[in-house]
Amino acid sequence: MGHALCVCSRGTVIIDNKRYLFVQKLGEGGFSYVDLVEGLHDGHFYALKRILCHEQQDQEEAQREAEMHRLFQHPNILRLMAYSLKERGAKHEAWLLLPFFKKGTLWNEIERLKDQGSFLTEDQILPLLLGISRGLEAIHAKGYAHRDLKPTNILLGDEGQPVLMDLGSMNQACIQVEGSRQALALQDWAAQRCTISYRAPELFSVQSHCVIDERTDVWSLGCVLYAMMFGEGPYDMVFQKGDSVALAVQNELSIPQSPRHSSALRQLLSSMMTVDPQQRPHIPVLLSQLEALQPPAPGQHTTQI
């Protein structure tokens, strides 16, 4: 778990015997805060995520999130630099030290372009989609599913490469549901941990005897692709208007026509947004299709036959 942390004078903290200077607050959620800190030993910037732990279960979940990070050494999954639990009287805070991405998230980029009246081009979308899919492939290969994939949980590296973050909702990929009590428990868990407008249909009304697998991530990936194509998720407006997302996701998605997108990309999106999870493709199938669709590298020329 790393060494204990101490908050020192002049806004510095010590993590694993290294001192970090507080720079500014980056954001906050319901029970967590993210600060920008500078490593005084190397001059690099980091994101320090502080999770408030009110109960023992909160500590266990924070530690599990750290363990999920440590499972992966992958260019499309966020690395954990250090983890520790800080005690402050009867209260605890779990601290995760993470790399800082100055480009922000995929959603920041979508919003930036939308403010200019434009969208990501297909040649920009395809490499992003490939990187996100490779990150998911690595997660699924370890027997897990992300369960909360959305544009705000995808960071952009210096070269624009996508990096999956927020692994706190990850759980086993394949869940065998046996009985109404287990179904309701999973449904309640999803309502708390899986963002509503990116949540797969099978998680809104979990059947008493069924299998929920990693293809919930494929649905969410389809929603992310839609957001890259059209500047907002397919169910964002449904949620914002107060209409039922649970009802909306049970119907086949209507994909707007646009000259910006090829029929191949539209077909790929349509396959991801298949309501029946058993008919939805697995990530390796999508990857093989995506690799064939990738634009040529700069300086490369394709020959038309």
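Including glycine, each Cβ sits where the backbone N, Cα and C put it.
Within the listed segments 18-54, 166-202, 203-239, Swiss-Prot records region 'Activation loop' for the stretch 166-202.
Close to Tyr198 (phosphotyrosine) in the fold, though at least 6 residues off in sequence, lie Asp148, Leu149, Lys150, Trp219, Ser220, Cys223, Val224, Gly233, Tyr235, each with a CB less than 8 Å from its CB.
Within 10 Å of the C-beta atom of Val34 (ATP binding site) sit 16 other C-beta atoms, taking all shown protein chains into account. Here the region 'Activation loop' (166-202) has, by DSSP, the following mix of helix, strand and coil residues: 22 helix, 6 strand, 9 coil. Spacing of Leu26 (ATP binding site) relative to Ser197 (phosphoserine) is 24 Å (Cα to Cα, whole number). Each of the recorded positions Glu28, Asp148 was assessed for Cβ neighbours inside 10 Å, and the highest tally belongs to Asp148. Fewest Cβ neighbours within 10 Å among the recorded positions Ser32, Ser197: that distinction goes to Ser32.
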